[in-house]
Amino acid sequence: MSFAGILYKGYEVLLAKEIKDYPVPSHVAIIMDGNRRFASKYRLARYYGHLKGADTTEKVLDWSFDIGVKQLTVYAFSTENFERFDQEKKYLFELIGIKFDKICTDARTHRRRMRVRVLGNTDLLPPALRSSAKHAEDITKNYDGVYLNVALAYGGRQELVDAARAMALKIRNGELHIDDINEETISNNLYPSDGSIPYVDLIIRTGGDERLSNFLPWQTNGNECAAYFCAPFWPEFRRIDFLRAIRTYQTREHERQKNTVMRIVKLLSYYGKVEVEDVICISRRFIKIPKDDVINILHELINHNVVMHNTIKW
Ligand code: IPE
Ligand code: IPE
Ligand code: MG
């Protein structure tokens, strides 16, 4: 191994250790971008970029589920991608089909009890791919260990249009009342049809562009989703990049918790000195973390802020 290789390995081990101390995101969604630019960088055919990209996806499944991610949603093909040349689409559909077939026989699927679900308008796909996808869904439908959601023929706006249609149909059939439409009803009518995916905690995009390309607008915008944009093209995305993304989520999450606790202390201090137990009790209503974590955050706050130090009564 080269000197740079050794350094990278050391850094990877260090990062992996660091992230173990904090909660990992439960749901990670990835925009896997840059396959063709990777191919042209190395003067390779386009299909080779997609092939290498598919290898990265397989590795990312291991990296994610091994650290405790529960749901992984990958953007495999968008509704906009139908505009691409027939040859490229044909190759991509074949490749994605092969990967679905492999999932069915792969021991890791069954060891992890991984459920596969497809998000998107599958009617637009060729029959062979549709049947591979359906087979992977059927074979794993009773699993609930981890979830792999594949966004295929997926468009975020189309998903909202389809949800509106599904709800309108239910109203017409008397299964739903207009007054009962709320955020939960809308979530329940999104893809896939047998139970929608949960909100996203971390979204990752490779390839250097900082946009969301019609990916999961409902599931990422309404909550506190962290975003990690990075430069490597998808085929060259390494475990180090993945771990950095996780660390970004953790840092952001910690900052969010710290700000909440700080605001609560400030509000309570309006009435004089603040009892630690009150801070813990109120904080835990807003951020679902153990009591000890609130205490650690309070220590962090008083170490860096004299006013905080003088306000809190232990
Ligand atoms: C992502 O890579 C894969 C798919 C969209 C299917 P691209 O094919 O978009 O590659 P770039 O972004 O043009 O390099
Ligand atoms: C996003 O990549 C979609 C997928 C990764 C499947 P694109 O390459 O299609 O996105 P834009 O067109 O650059 O936004
Ligand atoms: Mg692209």
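Just so it is clear, glycine is given a Cβ too, placed from its N, Cα and C backbone atoms.
Fair warning: this is a prediction, and the values are worked out from it, not measured in the lab.
Marked as active site by TrEMBL: D33. Marked as Mg(2+) binding site by TrEMBL: D33, E224. Marked as substrate binding site by TrEMBL: 34-38, R46, H50, 78-80, F82, R84, R205, 211-213. Summarising the annotation, TrEMBL assigns active site, proton acceptor to N81.
Structure with TrEMBL features highlighted.
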residue	record	Cβ contacts under 8 Å, 6 or more apart
D33	active site	R205, T206, G207, D209, S213, F233, W234
G34	substrate binding site	G53, T206, G207, G208, P232, F233, W234, P235
R36	substrate binding site	R46, G49, H50
F38	substrate binding site	L44, G49, K52, G53, F233, W234, P235, E236
T79	substrate binding site	G120, N121, L124, A153, Y154, G155, Q158, N214
N81	active site, proton acceptor	K89, L92
F82	substrate binding site	K89, L124, A153
E224	Mg(2+) binding site	R256
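Ligand 1 lies within reach of D33, G34 from the recorded positions D33, G34, R205, judged by a C-beta closer than 6 angstroms to any of its atoms. In this structure, none of the binding-site residues from G34, R36, H50 has a C-beta falling under 6 Å of any atom of ligand 2. Around L212 (substrate binding site), the C-beta neighbours below 8 angstroms that are at least 6 residues distant in the chain are I31, G156, I203, R205, T220.
Neighbour counts of Cβ atoms within 10 Å were taken for the binding-site residues H50, R205; the minimum is at H50.
In the vicinity of ligand 3, defined as a Cβ distance under 6 Å, the following of the recorded positions D33, R205, L212, E224 are placed: D33.
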